[in-house]
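Presented below is the structure to which this report refers.
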Amino acid sequence: MAPSLRNFNFFHRFSTFLVFSLFSVVSSDDLQVLLKLKSSFADSNLAVFDSWKLNSGIGPCSFIGVTCNSRGNVTEIDLSRRGLSGNFPFDSVCEIQSLEKLSLGFNSLSGIIPSDLKNCTSLKYLDLGNNLFSGAFPEFSSLNQLQFLYLNNSAFSGVFPWKSLRNATSLVVLSLGDNPFDATADFPVEVVSLKKLSWLYLSNCSIAGKIPPAIGDLTELRNLEISDSGLTGEIPSEISKLTNLWQLELYNNSLTGKLPTGFGNLKNLTYLDASTNLLQGDLSELRSLTNLVSLQMFENEFSGEIPLEFGEFKDLVNLSLYTNKLTGSLPQGLGSLADFDFIDASENLLTGPIPPDMCKNGKMKALLLLQNNLTGSIPESYANCLTLQRFRVSENNLNGTVPAGLWGLPKLEIIDIEMNNFEGPITADIKNGKMLGALYLGFNKLSDELPEEIGDTESLTKVELNNNRFTGKIPSSIGKLKGLSSLKMQSNGFSGEIPDSIGSCSMLSDVNMAQNSISGEIPHTLGSLPTLNALNLSDNKLSGRIPESLSSLRLSLLDLSNNRLSGRIPLSLSSYNGSFNGNPGLCSTTIKSFNRCINPSRSHGDTRVFVLCIVFGLLILLASLVFFLYLKKTEKKEGRSLKHESWSIKSFRKMSFTEDDIIDSIKEENLIGRGGCGDVYRVVLGDGKEVAVKHIRCSSTQKNFSSAMPILTEREGRSKEFETEVQTLSSIRHLNVVKLYCSITSDDSSLLVYEYLPNGSLWDMLHSCKKSNLGWETRYDIALGAAKGLEYLHHGYERPVIHRDVKSSNILLDEFLKPRIADFGLAKILQASNGGPESTHVVAGTYGYIAPAEYGYASKVTEKCDVYSFGVVLMELVTGKKPIEAEFGESKDIVNWVSNNLKSKESVMEIVDKKIGEMYREDAVKMLRIAIICTARLPGLRPTMRSVVQMIEDAEPCRLMGIVISKESDVKVKEIS
């Protein structure tokens, strides 16, 4: 072989060896870093790391979530949506010098981001969004190759390092929204110097000041979101240069002035939302935005007419203009060319008829035109709108009859036509309205009898028929409405008797049948309604005695005046002064304005009756004893059959008991409460430990069972409440959420076993006979703990868990008065955002804890429903009042009452619970401010629970221990900043 050829072969082999060695070194370094990363999450047992093994043969490039370049260097780590929690080892990961992409979004990572992040100098893509980090985001000037930066919704706080953006001139996406950063005095100038930006998301991150004219220099922008901020001043005319924009979000700021001239140049705009500002002028600049799909301009001060061109937009499906000063008619062509989905033009000065074609293409879900001056009748076309879910046209000047088919639309959830001039009947078509949750028909001229078919609308929760011309009997089928909470029938011409079946409406809280011609006796079944809060049967022709069963109710309002009642006023009801006037046949031993009841023992004839009653009573007692012995025998047989039944137990935590220990203790004497979806029992185990057992009731087959029947009775399958509660609680691990130990099921019964909380509920502590004198520090700790529990539900998962029935009776207290969120029978896990979260046909919850306008403007149940309910709980803690009190007035709740007492500092102090010490009253007012923010009328204005927790932490009272240290600490922080 020639020397030159030998030299070439040697050089070739040496080069190959050298390259292979270098490859091995780089891959080995990267491998060690990745294995260290894996070890950081060793306790999590996550499937994503199963492939991250030392002996995988190919090296780190084969790991799931890892990408390498052609030289074998790790360039990308994508662990988004992988269930990661805890601290992430940024210090070691940033040793990978070739790393260009780090994607960790949609996890539960926590802790403070270390300054080591600046060592990831090759990063082009960084996604830390939707996590649970804390503290400030570190300075990142060295990351000068960044093109994509996602930090949104990750709980960062403090001062954001805006100056670091000066080196990030290649940024295409900047997403910092939904973080409680320290407020800026002005709009950050560093942002408007990023000329390559196509996506800018700065919503809800404490940006303040005016929108700078230089925003017009970002001509590549396609998405601009700066909503939920402190922006002021006018929208600069330079914004018209952003001709590539397809989405512009400016809502919930304090912007003023008119839409700038040239705004119509943004012809690519598809989504525009400038709602909840102080904008004025007309909407004429929008007439040329023909590509609009969604236009949201509600809650401003716009005036003038709605452009006729809106009726010609072919893609417009969502139009929200409510709470402005718009005049003229709605464009009659609205929806005729588009797949119209939603319109809300409520609370304006609109006139003319309702456009007939908004459901022409059969896609419309909501028609909301309440509080205007509309005239004419409801177009017949809407009786065929099978997709319609909400129909609200109250407080207008509409007339005519309601199209028959409208009553029975299959997806309709709410009909609100009150305060108009409608005539005619409710037709039998209503039987087809299986999703119908609310009927608001008050103050019209509707007439005829209520159809018996109204009982077939299984989902009805609110029926308001007041101030109409209805006649005839109240249909007995009303007892089939198991979810009915409010029944208002006052000021009509109803006659006949109140049906006994009303006692089957176990969720009723408000009944008003005043000013009718109802006769007969008051049904004793009304006394079996556990949640009844207000009962008004005044101005009728009722006769007979007042049922003793009413004594068991805890009513804030009772009015039986102006009837034909007779007999004794039950002693326990005598405190309802004025509730019995106009009934000359009534007598009382305690109310002076009534005749004194005659003592039966004074009459010889009555004495005979008295003796007969005793004899008769003894006979009943004897018969009861025989029946009791028979039941005992039956229960033993039942117990023996349960023993041999096939049970399945599914545990979620370490347990020291068996299913037999639980089943043997489900007895009447262990019953401690009835929840929204089941009965609760206290069970003492053999080792002395106590647990709570909930026996879930089937919603679909729920019946009224007597206490004499077997407790674990046959069921038709598993209830949806049981499945919901198990699904929700089995995976939850949080200090402030009640612990679920296991579920126990058979073909016939469903049981859930929880930790037992000995101090009952917050409601008990504040309002019941068990109420305790809670100090402010304890109330504060309860508020903070409950808020953290809800925050975990809303933000601790990839998809939020919505409780849907937050109230003080569902906040349980342990032996140290630490709170736990409980009763998840109504909970809902929001579905993936593809197509939006599922809507629900009825806003679940409890009267007094639900926003009055939730039906009006909330198209779906969201986390903001829980936020409102929690705000009501905070008001209970501060004021000591129940959500509904007689002193608030007719149709008023605690939110109205608090709002009406905000006129001065003195009036605010007056509503703070007198049991709260003087030194803490200012702290209580701080909490009241948070409650007011939480109970904002519009869901969009309510904070997230994450923000609520932060606000409550900021409102921590100065405690007597360590007060000097705390003050010094505060001073030091201020000096450092």
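Glycine residues also receive a Cβ, built from the backbone N, Cα and C atoms like all the rest.
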Note = From the set Asn73, Asn704, Swiss-Prot tags as N-linked glycosylation site just Asn73
Message = With the cut-off set at 10 Å between Cβ atoms, which of these glycosylation sites ends up with the most neighbours? Options: Asn119, Asn252, Asn399.
response = Asn252
Remark   = the repeat 'LRR 7' (244-265) resolves under DSSP into 3 helix, 7 strand, 12 coil
Candidates Asn73, Asn152, Asn318, Asn536, Asn577: member of the glycosylation sites with the richest Cβ shell (10 Å) = Asn152
Task = Would you mind checking how many other C-beta atoms are within 10 angstroms of the C-beta on Asn268 (N-linked glycosylation site)?
result = 14
Per-state residue totals over the repeat 'LRR 20' (555-578) - DSSP helix, strand, coil = 3 helix, 8 strand, 13 coil
Inquiry  = Tell me the Cα distance separating Asn204 (N-linked glycosylation site) from Asn577 (N-linked glycosylation site), rounded to the nearest angstrom.
reply    = 51
Ask   = Measuring Cα to Cα, how many angstrom lie between Asn204 (N-linked glycosylation site) and Asn252 (N-linked glycosylation site)?
value = 9
Request  = State the Cα to Cα distance, in Å, between Asn399 (N-linked glycosylation site) and Asn119 (N-linked glycosylation site), rounded to an integer.
outcome  = 71
